[in-house]
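These come from Swiss-Prot:
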type	residues	note
CROSSLNK	K278	SUMO2 cross-link
CROSSLNK	K297	SUMO2 cross-link
CROSSLNK	K297	SUMO cross-link
CROSSLNK	K313	SUMO cross-link
CROSSLNK	K313	SUMO2 cross-link
CROSSLNK	K438	ubiquitin cross-link
CROSSLNK	K721	SUMO cross-link
MOD_RES	R24	omega-N-methylarginine
MOD_RES	S46	phosphoserine
MOD_RES	S134	phosphoserine
MOD_RES	S155	phosphoserine
MOD_RES	S162	phosphoserine
MOD_RES	T171	phosphothreonine
MOD_RES	S224	phosphoserine
MOD_RES	S232	phosphoserine
MOD_RES	S246	phosphoserine
MOD_RES	S287	phosphoserine
MOD_RES	S327	phosphoserine
MOD_RES	S424	phosphoserine
REGION	506-541	region 'Hinge'
Amino acid sequence: MDSKESLAPPGRDEVPGSLLGQGRGSVMDFYKSLRGGATVKVSASSPSVAAASQADSKQQRILLDFSKGSTSNVQQRQQQQQQQQQQQQQQQQQQQPDLSKAVSLSMGLYMGETETKVMGNDLGYPQQGQLGLSSGETDFRLLEESIANLNRSTSVPENPKSSTSATGCATPTEKEFPKTHSDASSEQQNRKSQTGTNGGSVKLYPTDQSTFDLLKDLEFSAGSPSKDTNESPWRSDLLIDENLLSPLAGEDDPFLLEGNTNEDCKPLILPDTKPKIKDTGDTILSSPSSVALPQVKTEKDDFIELCTPGVIKQEKLGPVYCQASFSGTNIIGNKMSAISVHGVSTSGGQMYHYDMNTASLSQQQDQKPVFNVIPPIPVGSENWNRCQGSGEDSLTSLGALNFPGRSVFSNGYSSPGMRPDVSSPPSSSSAATGPPPKLCLVCSDEASGCHYGVLTCGSCKVFFKRAVEGQHNYLCAGRNDCIIDKIRRKNCPACRYRKCLQAGMNLEARKTKKKIKGIQQATAGVSQDTSENPNKTIVPAALPQLTPTLVSLLEVIEPEVLYAGYDSSVPDSAWRIMTTLNMLGGRQVIAAVKWAKAILGLRNLHLDDQMTLLQYSWMFLMAFALGWRSYRQSSGNLLCFAPDLIINEQRMSLPCMYDQCKHMLFVSSELQRLQVSYEEYLCMKTLLLLSSVPKEGLKSQELFDEIRMTYIKELGKAIVKREGNSSQNWQRFYQLTKLLDSMHEVVENLLTYCFQTFLDKTMSIEFPEMLAEIITNQIPKYSNGNIKKLLFHQK
C-alpha cells in the first residue's frame, strides 16, 4: 500500500511523536499521517549503512511497537527517516542485488550465517529481539480503530482475497512467494516458538502472519518461482544455470551424445578442427551441427559400470595429452585439456586424455582405442601436429601417432624415456615367430632329434643305448621316483632308464627307420629311371606293402612297461616280494585285457569266449613277457619283473623263491638261446593267448580256429623275414613252436604255487581284487581237468 495513506481514526488530532522514542532508540515514522498508532523501531545494532550491507541480506531488523503514548519530536524523526530512506535507495542503486540469495531468503532457506534463522516465507533477520507489546502502554481501542480504517482503505482489486497486516504493510500473496510443504511446516514451528501473550490471553500474531515485502523492488526473471504457484522453488532457473555446471553444456556441443548402456565405449570421431584460413586471411569456422557424429557407447563388465551414458565433462587440468588410436595430422586446440567420461569408475581417479587428429579417420567398428596416459611435458602445439605420414590426405595406422623426442613401439605405446635415434624394439608377439623349442621327453633338455623312436636329447640317446647293450643292472637307492631333469639326470641311472622305457625308446626303432629310408631311396631311384627312359617298363622284384601287417599292429598295441613301486631301501623278504609281485600282476592283467581287445579279429568272438581265453592264458602272458624282458635286459640271467624290481641271485635264495624263479628263468634262457626277434615274440605271445580252451570248446569255435591259424602263418612270415629264403625256416619254426608247447608245463607249476598261496591264509599274501576273482573262477576248472591244451607237437 502507499506509505502516505492515513491510518489515523477520524476526529482525533495528530500526535507529534511516540513516547518510545526517547527510551528505546531512534524511531522512524514510516507513515507521516499515523496518529497514536503503530510506530516502527529501527534497532540500534545497525547504526550505519555499511553495517546494513552484509553477507546475504541488506535488511534491518524492523520491530513494531503498538502504544498509546506520543512524543514531541515527530518532525525531527521524520527528517531522519527520510535521510535514511534516501541512503538506502542510493545503496540499492549502487549495489546490484544477488537474485539467487534473495530468492533463497524469500523461500526461507538457511544460508549459513551464524545469526540467521529460518522463518518460513519471511526473510531472515539478525536475532536481536522479537515483536512484543509494551506493558502498560497498550490501547486496544486505538488498535481496533486503526485496523478497521486500514481494512477500508487498502483493498486490492486484483486480488480481493489478499489481506493486510496490523502494521499496514501488504502481505505477500501465494502467487508471489509460493509455499512448499517444508516452508509451511517451518512457519508453523516458528509461530509456536515466537508467539507471545499479554496477560496470558492475547496472542502476539494474527493467524495470517504478516511479513515485510522488502524484495518488491527487485526485478525477477521470467523463470522466477513467483510466476507459477505450482512450480517447485528448486526448479527455478535462477538457481540452476547449465552454463555454470559444465563448459560443455551447450546445445550444439558435439561432445554431448546419446548412448545406450549395452553398447561398447568407442572414441569420438570428430571433424577436422584445425582452423582453415582463406586467401584474404579470414578464418573459416566449421559448424559443429553439420558433422555427423557417432554415438558414444558405454560398456558394462565386472569392474566398470557406466551410470550416465554419453555424458562427457571437460576439465582444465593443464598441458596434459595422451596418445590414442587415431590417425591424422591435426590436434584439437593448442592446449589439450583433460576429458573424463562420467560414470566410469577408475582407480586412483585418473582420466583419459585424448590427443588425436581428426583430419581423416579410419576407425574400424570392431576395434577399441588404446589409450596411453603420458605425463605433462612442455612441448609446443606445433610439435604435436607432427606424426608419421603427416598430411591431410595421408592415413596412419591404428595407434601410430608419434611425438618428437619419443620412440613409438609397434603396439602403439610410446616410451618417453627412449632416445629418438634408437629404433623401437620389436614386440613380444613378433619376436617369437618360430615354433617353441622341442624338449627331451626324458630329462626336459632341448631335444636334438628323434632317437630310438622318441624325441630326446643326445645325452639320453647315448645313455639308453649303453644301458640296453651293456645289460646293466641298475637299482634305485630311493623309492624309484627320483626327479630326472637336465641337472639331476645323472644322479639315478635306474630312474632315468625307467623314464626312457616309459617314453617308448626302443633299439628296434632305429633299424625300422633305416629300412624305411632304404625303401624310399629305392623307390626314388626307380622313379628317376622311369623318367629318364619312359619307353622302358620296369617291374620291381618286390613292392613294399602299403597295407599294415598284423605284426605292425601288434607292435602298436603292445602294453607299456609297468613299475612295481618296490622300495629297495627296505630289507628284502619273501612275503614282501611276493605281495609286490601279486600287485604288479594284477595291473598287468588289466593291461593284458586291453591288449587282447585290440587284437585284430578277437573282438569278433563271443564275449564269453573272450573272457574264457583271458582266464586260461593270463599266466602264459605274464610269464612269457617276463622272460622277454629278462632276455632283453639281462640276457636271461636275472628276472626283470619291472625296472624297479629285478630278482637277482641274492633274492632268489630267499625261502620259497628259488623253485619258482627257476621255472621263469627257463623261458628267458630259451629266448636267449634261440635269439628270438621282436616280431617273432609278438606272434608267439598272441598264440599263447589262443593256446588253451575248455574241453567242450568255445561258442565261436570256428572263428577262433581261423584267428589262430592266421597268427600261425604270421609267425612263419616273421621267421622268413628274419632268416630269408633258407632251408632253416622250417627248423626254426619247429624250435619256436616247441617253446610254445613247453610253456604249458612252466605255467602249470606257477599256477600250482599261486593257487596254494591264495588258499593258504596263514601266509597272508595279498592279492588284488581282479586277480583274486580270476583265480577263484579258475581253480575249479583246473581241479576238474576241464582244460584242453592246444599243442603243436605230440609228446
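Glycine is no exception: its Cβ is also placed from the backbone N, Cα and C atoms.
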How many other Cβ atoms are found within 10 Å of the Cβ atom of K721 (SUMO cross-link), counting all protein chains shown? 13
Euclidean distance between Cα atoms of K721 (SUMO cross-link) and the residue listed as 'ubiquitin cross-link', Å: 36
Averaged pLDDT, computed only over the residues in the region 'Hinge' (506-541): 58
For the residue listed as 'ubiquitin cross-link', the number of other Cβ atoms found within 10 Å of its own Cβ: 14
